[in-house]
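Contents: one structure, followed by commentary.
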Amino acid sequence: MSGDFDTIRDASSSDEVQLVRLLEEKIKSLQIEIENLRKELNYYKAEMEKMLSPPLIEAVVLDVLPDGRVLVRSSSGPNLVVNVASHIDQKLIKPGVSVALNQRGSTILEVLPQKEDPIVKTMEIVEKPNVTYSEIGGLEEQIKELREVVELPLKKPEIFREIGVEPPKGVLLYGPPGTGKTMLAKAVATESNAVFIHVVASEFAQKFVGEGARIVRELFEMAKRKAPSIIFIDEIDAIGAKRIDIGTSGEREIQRTLMQLLAELDGFNPLDNVKIIAATNRIDILDPALLRPGRFDRIIEVPLPDFRGRTEIFNIYLKKMKVEDNINLELLSQLSEGFSGADIKNVCVEAAYMAIRDGRNKVTMKDLVNAITKINVKRNNMESMKERREKYS
């Protein structure tokens, strides 16, 4: 009889242990649920506070008064003298900074981040250009000059301070299309570990009065913030042509944009970590004001490649391709007299297409010779069309 009682007692004891475990698990799950509900409640409280809080008024700081108060221009209209909230660092309050005022417009509650024009923002190339000097053929002298003027001041400005001279602020690259001006600018940005800001000068020509000058100003401000940086202005003749008094509103706007560019070139220190490189095909039409000392001090010609240069360029492109062993680079260079670097690249691409059409996986010497002939015909046709336009225009 006693044995049956012990069995019943053991069974009830094990049931109690199991029940306790179940209750503990239930408590844990309820605690987790309470924590999740508390987070959700805090989230909705924060959202309610955002919806119920009054909007702030944007203003621009005009001046900081001796007593610590600030003169601002409110977006709602008048200029106001306001106080600064105690949680804001007084050092951040400077003329030109955007701030947020409370609804009454009596106190600065927040310093707003600096605005960037979307047009200016898209000019920055976030990824470093993947171009090196070894990928540029026949321009050793130009590379040497560019490194002295741009790369050396960015990497070792103390050398110029020690010797007591200022390096040139800007470099102007000029020469026929396709000779490697853009590649030179990208290569020096790569080697200098600088932010590369690429802009075509025609982007400065805007529809509304003053917009072009504002974009130029904001471009230079962004370059200073992102320093070390290189601004590359391609086709600068679009805004830098000689000024003539036509009197049209569009011409006046371009002249205002040019004046702003000249002011920016005059306004920064050559030893700041910002360098300007400009490129043009038409140096003959540039305004003399751009070329005067203190602006584009170093003017570098980027000519069509000579025989040795064409050989180097062919070698650079062909070593990346699958070609037969009997390629004669010297002969290719002789046949491509007058070709630019871009023309030679087109020759290599066209030769590859010829091999693909024939079902081959290697480019032959014959493909390259035929490609040179084809590109030459296109160039001659373009030149004859240009002559006809000039004749009948």
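Just so it is clear, glycine is given a Cβ too, placed from its N, Cα and C backbone atoms.
Residues 14-53 are the range that Swiss-Prot records as coiled coil, among 14-53, 94-133, 134-173. Of the listed binding-site residues, namely THR179, THR182, the sparsest Cβ surroundings within 10 Å are found at THR182.
Restricting the average to the coiled coil (14-53) gives a pLDDT of 85. For GLY180 (ATP binding site), applying a Cβ distance below 8 Å and a minimum sequence separation of six or more within one chain yields ILE136, LEU139, VAL302, GLY341. With a cut-off of 8 Å between CB atoms and residues at least 6 apart in sequence, the same chain places LEU173, TYR174, GLY175, ASP234, ALA279, VAL302 near LYS181 (ATP binding site), listed in sequence order.
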